[in-house]
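Below: the structure, in structure tokens.
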């Protein structure tokens, strides 16, 4: 059997709580209940009402009906004791719920025959918790003796004064002295209560410790097999990227960071002359956008400054490019037109943004509506012509050929 050296996980603690195995500092709960009762007793328990009832019966001199007499005493008892009992019950229930983290132990209500097992009973009898309870009992005996000694030194005059007290004040004095004795005992027992709670917490976690195999098995049950989880993640990302793929294919170009940010830009002056952010992805999705754009022939421009600026100034997808970034976007569009003209071997186009209505303006790049078409490169394209992917808007290469690959464009 493997040695249990690992701390219990959160799931292990939750499952144990459902079975009733929670950290319980019962003595602290008892301390709260006793302190609440001692402080509330003088205000809630009115013994003068009992004395007044005796006086009323004696003054009438009549023989009361036994049934009515018992019913009257029962009502009087409930009126006096009910508020006190309810307050003490609430004072005991609230700390218990806090210790169990408001978890109801449903499984602990079931009848369990294993609790009658004599072998387990002997193990509990000679367990660390039993030894702790025995030491705690001895400490409480010492605390009680200390409490009596301190109480006698402090209030012996009041105790002996009870013999000379008036009957009307006798009940009140007894209540006051009893409350003082109880509070003094709780104060002296406080160190023992704290020590008991610390030891109980240690034993609770010691009983729920796990071995390494249990931790791995629980991780597999809660998180699933690593290979299956990775496959699910890939499928999920693939399903989510269908819309993004369509937006990439319809973009005029992709500006990259080069690996952490990918921004798709779409321009159609016939509709609105302002560039439009069609794709806005980061990290792994940005790399996927770049790969898909290169596969479909959509230009990819690696410009760190422009990509970061658009990402910062255009916080949402399907929003217009910020006024501060329009100049940089238009420069890229003009450069793309020059690259296409150089690939065709013709004169450079006019210095304006290409539109989706003019697909013939860019050889090697499919129009926004058909970016992945098979005729992305026309038959009359010069040998060696290439789509303007991962290029740089530095202008066409000499002699009207394809532009030289100058690497990333970092503004």
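Including glycine, each Cβ sits where the backbone N, Cα and C put it.
Small disclaimer: the values here were computed from a predicted structure and weren't measured.
Within the listed segments 49-69, 112-132, 175-195, 196-216, Swiss-Prot records transmembrane segment for the stretch 175-195.
In Swiss-Prot, the annotation transmembrane segment applies to 28-48, one of the ranges 28-48, 217-237.
When each of the listed stretches 28-48, 137-157, 175-195 is scored by C-beta pairs under 8 angstroms to the transmembrane segment (80-100), 28-48 comes out highest.
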